[in-house]
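Summarising the annotation, TrEMBL assigns region 'Disordered' to 1-71. The feature compositional bias 'Basic and acidic residues' is assigned by TrEMBL to 1-11. Under the heading domain 'WDR5-like beta-propeller', TrEMBL lists 80-385. Feature annotation from TrEMBL assigns repeat 'WD' to 81-122, 123-164, 166-207, 208-249, 251-292, 354-385.
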Amino acid sequence: MSITEHDEPARRSPKRKRSESPNGIPQHDGAPDAAALQYGYDEEMPSELQSPAEQDEDGMAAKRQRRERPRRLNYVPYMTLRGHKRGVAAVKFSPDGRWIASCSADATIKIWDATTGAHSRTLEGHLAGISTIAWSPDSKVLASGSDDKIIRLWDIATGKALPSPLIGHHNYVYSLAFSPKGNMIVSGSYDEAVFLWDVRTARPMRSLPAHSDPVSGVDFVRDGTLIASCSSDGLIRIWDTSTTQCLKTLVHEDNAAVTSVRFSPNGKYVLACTLDSCLRLWNYVDGRCIKTYQGHKNEKYSINAAFGAYTAELGAASEMDGEEPERWAFAVCGSEDGRAVLWDVSSKEVLQELKAHEGVMLGVDVGPDDTIVTCGLDKTIRMWKRQPLPPDANGVHESTVVVPIVAPVVEDSTPVNGTPAGTQEDG
């Protein structure tokens, strides 16, 4: 399947237009079990997806609420990374924040230095376009899934593929995720199946007959006990990792095709992109859609979303009394008109729109330092850094009607530290 509508079959990549979702809704293949789902976050730590008032029960809430949430963010272009010869389907920060990996319909993966933007390696070995990549928790191994039906594991230190690829899917591999311990990989494919793999043996542990249409997204919850999958059949399913039983099926009344799914950092919700230009946040235990984010365009392509967090003031967060800064969650998603839209998770307010790419923006990720990286059909990867808001542009001091700051596309950008850094290209 092509990253663009007219790509030739030899280099096809699944990040492309989706077919219409079917009218019928498949039957639930596992009894909902709230008790089983609950352990996905029984020992939940405080999360940026909750307000400070919800997190604190020791009288500190009022103290921390002294800083109001910003009504806007100001992400600006930082670098443009070039080198791919075709559209870039996905981009991911390594967990340690050192590297950025990108994959493309040109059948290559590129590794970039996350600080300088310098091209480090090009990983070659797939025979067709690559739609998905996933980092191991220790940042030493990268997994990639391709239209050649194969999942490869790459040693980042050497740039070489590990000897045993993961072979078992019968069609294009759409989505991958490592388990939190790094010992398992979950994959979703155009063959409508979800596979659970043992990384050490490079063999499938289980095959789940997950959906009645291509599986477009998979993810592990933060403790590895649950797996989420989604499909163009309009369903999101939650699975028990150990038994592979389907514990819950989530479906919106519109039954729009679902193109990606991601657990929230606290493990309590799932965020799903759908082909009705909506981004939805689900409480998967209750089976309720609790938030719907709109403002982007997504009707044909598989577009990913990500979570991030922001503080009241850039670099100056609640240092009074030695307190940790208050952090609020945002969701960011691409758009078929080239924009990236950032919403506050709780209020659903648009915090900013980035004019990120020429044409469809496909992938986005947020790094450990809250840097945003985006990619799209224009063959580029762009990095975005947050800067302080201009004077009296902070919504805290303005009227309730706030127009988000729109950051423009630039071909050459300057890092926020002032050091010149033109567009980076691989050698």
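Even glycines carry a Cβ here, placed using N, Cα and C.
TrEMBL: automatically predicted annotations, no manual curation.
According to DSSP, the secondary structure content of the repeat 'WD' (166-207) in residues is 0 helix, 24 strand, 18 coil. Looking at which of 166-207, 208-249, 354-385 has the most CB pairs under 8 Å to the repeat 'WD' (81-122), the answer is the stretch 354-385. Secondary structure of the repeat 'WD' (251-292) per DSSP (helix as H, G, I; strand as E, B; remaining residues coil): 0 helix, 24 strand, 18 coil.
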